[in-house]
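**Q** Would you mind keeping the following structure in view while I ask a few things?
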2 protein chains.
Amino acid sequence: MKFEVTILGSNSALPTTKRYPTAQVLNVLERFFLIDCGEGTQIQMKRFRVPMSRINHIFISHTHGDHIFGLIGLLSTYALQGRKSDLHIYGHSKLEKLITFQLELLETKKQYNIYFHTIFGKETQTLFEDDKVIVQSFPLKHGAMPCAGFLFKEKDRPRTLNADLLDYYNVPIRCRQSLKMGEDFVTEEGEVIPNKKLTKDPPPTRSYAFCTDTAPYKKIIPILENVDLLYHEATFLKTEAKLAKATYHSTAEQAAKVADEANAKKLIIGHFSSRFKTLNAHLEEAKSVFENTHLAEDGKKFSIELNR
Amino acid sequence: MKFEVTILGSNSALPTTKRYPTAQVLNVLERFFLIDCGEGTQIQMKRFRVPMSRINHIFISHTHGDHIFGLIGLLSTYALQGRKSDLHIYGHSKLEKLITFQLELLETKKQYNIYFHTIFGKETQTLFEDDKVIVQSFPLKHGAMPCAGFLFKEKDRPRTLNADLLDYYNVPIRCRQSLKMGEDFVTEEGEVIPNKKLTKDPPPTRSYAFCTDTAPYKKIIPILENVDLLYHEATFLKTEAKLAKATYHSTAEQAAKVADEANAKKLIIGHFSSRFKTLNAHLEEAKSVFENTHLAEDGKKFSIELNR
């Protein structure tokens, strides 16, 4: 029942030897989602033992190089490995052009299908949904560049049955599904047993939000409300607030304010400018606003526990 | 007076965490040449302290992904760093299409010019030449994929003047240049002093040849003749000779035979298949044919001394 993100790259535009450009893998109940794919992502996946072949969905925030230049290499590796399962890629329309052109020009022989799903970018959009998980995109504020944040959420779980009381009231098996869905139980004698007597609340659903690249953006606060784990970019420190504003990025303090206003449970900051050799100042600056802040570091994993 | 190659990537198609895909930097008398540019090359350059900004010439053997996927990232990094100096890229025609399309689609703002030079691939071609160095390409044998090898050579040096004898014969300064070029000296009295009496042989010119990807190819032996340092791919071992043949690659033994037949001084083997965790078998197999064989390993440097 995992809900865990692995940081594959934590740097902004110019990679360093310790911080690769942006990429993360999120495991939600054994669904593996790749989020962004900077240069070297496939190597980082090997380094940190991510099960590369189990990724069927790739979400790309925007088409700046440090978020996409590892994608063509990954797709080619899948082709060489003989991958057969479908791959879904979610991104803005340029991404499809970029990848399709390369695959065609290089005559990449592959046995799997790629399905591109366009993020239109003006409003919240459901990109992926199955019985247990939903993924939505929402617009960020990155100047002229269309850029999407992503919200990964578990769906509400069925209610947990209380086995002892089911026996006591002789609830037949055929009625149990409706109990899980919250309905009351009516005995053969017509007595109504309230659902709450026979079931317990399920564990709360878990959620992860990914916000990069972006200036601080009030409009996303309601979307992020109560999120368990928030990744928010913090390219700069508040001493570079002017530069952050000019380039549509955030400072560590601004990232922390977003977490605070959204009532997030935990914050990861990342997408650090390569000008910073160490990141203590980022951490301190963010913690002064939002205590439960952590640094994105290549290879680090962050889990959300089921019962917390 | 350096002549030194740094291995940035030594693996074939699928990168591993220890062996990145093909890339090398060659320093010939402070001219820095990048040869191939697999994914992660810019990160490897940082790791091994290659002066990235001093590279003005990039030679690409062919358009398989493991030789080119790091190029767009490098060009974008140059743009972000505000590079202004011209960059020359030598490759087959597809490469220009691939890179131009990406730069345009991604609206890469750069302040430097890129000049593409097409390798036509049917015969030996001079790609670069200045007063001291010449770089030529020659066709390799990689199936339907046009693929070039590269030969980097110092040009003949002027003859070394013997200062004592110049004084003895009162050779005027204006005559010294022609002495360096090998001409005899004629005194005011008309006496002819043979050049050999006044000069010494200069140090021999140095050369490096790069051959990947290729099946063993007899036609290149005359081009490689007496080369100081030969890099030849050895994707497989002789136990996989059939696979090597089918994929137009070489075994370690075949690479060593090329070095032996060409009378190379020293051999580096590389482009190893990712199926090999260790490379002792490659080294042993090659050494049994050509003793002075060395393994390409990421970060390793190979120098050719001036007076050897």
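Quick reminder: no glycine exception, Cβ is built from N, Cα and C everywhere.
Automatic, uncurated: that is what TrEMBL annotation is.
Keep in mind the model is a prediction, meaning the values are calculated, not measured.
Per TrEMBL, the features are:
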{"type": "ACT_SITE", "residues": "A:Asp66", "note": "active site, proton acceptor"}
{"type": "BINDING", "residues": "A:His62, A:His64, A:His142, A:Asp213", "note": "Zn(2+) 1 binding site"}
{"type": "BINDING", "residues": "A:Asp66, A:His67, A:Asp213, A:His271", "note": "Zn(2+) 2 binding site"}
**Q** What subset of the binding-site residues A:His62, A:His67, A:His142, A:Asp213 has a Cβ positioned less than 8 Å from a Cβ of chain B?
**A** none
**Q** Apart from A:His62, A:His64, A:His142, A:Asp213, which residues in this chain have a Cβ no more than 8 Å from the mean position of the Cβ atoms of those residues at the Zn(2+) 1 site?
**A** A:Ser61, A:Thr63, A:His67, A:Leu140, A:Met145, A:Cys147, A:Thr212, A:Thr214, A:Tyr248
**Q** Where's the emptiest Cβ shell within 10 Å among the binding-site residues A:His62, A:His64, A:His271?
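**A** Relative to the other binding-site residues in A:His62, A:His64, A:His271, A:His64 has the fewest Cβ atoms within 10 Å.
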**Q** Within a 10 Å radius of its Cβ, which of these binding-site residues (A:His67, A:His142) has the fewest neighbouring Cβ atoms?
**A** A:His142
**Q** Suppose we draw a 10 Å sphere around the Cβ of A:Asp213 (Zn(2+) 1 binding site). How many other Cβ atoms does it contain, all chains included?
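**A** Taking every protein chain into account, the count is 27.
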**Q** Compute the C-alpha separation of A:His142 (Zn(2+) 1 binding site) from A:His67 (Zn(2+) 2 binding site), stating it in Å without decimals.
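**A** Taking the Cα atoms only, A:His142 (Zn(2+) 1 binding site) lies 14 Å from A:His67 (Zn(2+) 2 binding site).
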**Q** Would you list, in sequence order, the residues of this chain other than A:Asp66, A:His67, A:Asp213, A:His271 that have their CB within 8 A of the centroid of the site's CB atoms, where the site is the one recorded for Zn(2+) 2?
**A** A:Ser12, A:Ala13, A:Pro21, A:Thr22, A:Asp36, A:Gly38, A:Ser61, A:His62, A:His64, A:Thr212, A:Glu233
**Q** Rounded to an integer, what is the Cα-Cα distance in Å between A:His271 (Zn(2+) 2 binding site) and A:Asp213 (Zn(2+) 1 binding site)?
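**A** Taking the Cα atoms only, A:His271 (Zn(2+) 2 binding site) lies 8 Å from A:Asp213 (Zn(2+) 1 binding site).
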**Q** Please list residues from the chain of A:Asp66 (active site, proton acceptor) whose Cβ is under 8 angstroms from its Cβ, counting only those at least six apart in sequence.
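**A** When sequence neighbours closer than 6 are ignored, A:Asp66 (active site, proton acceptor) has A:Asn11, A:Ser12, A:Ala13, A:Leu14, A:Pro15, A:Pro21, A:Thr22, A:Gly38, A:Glu39 within Cβ distance under 8 Å.
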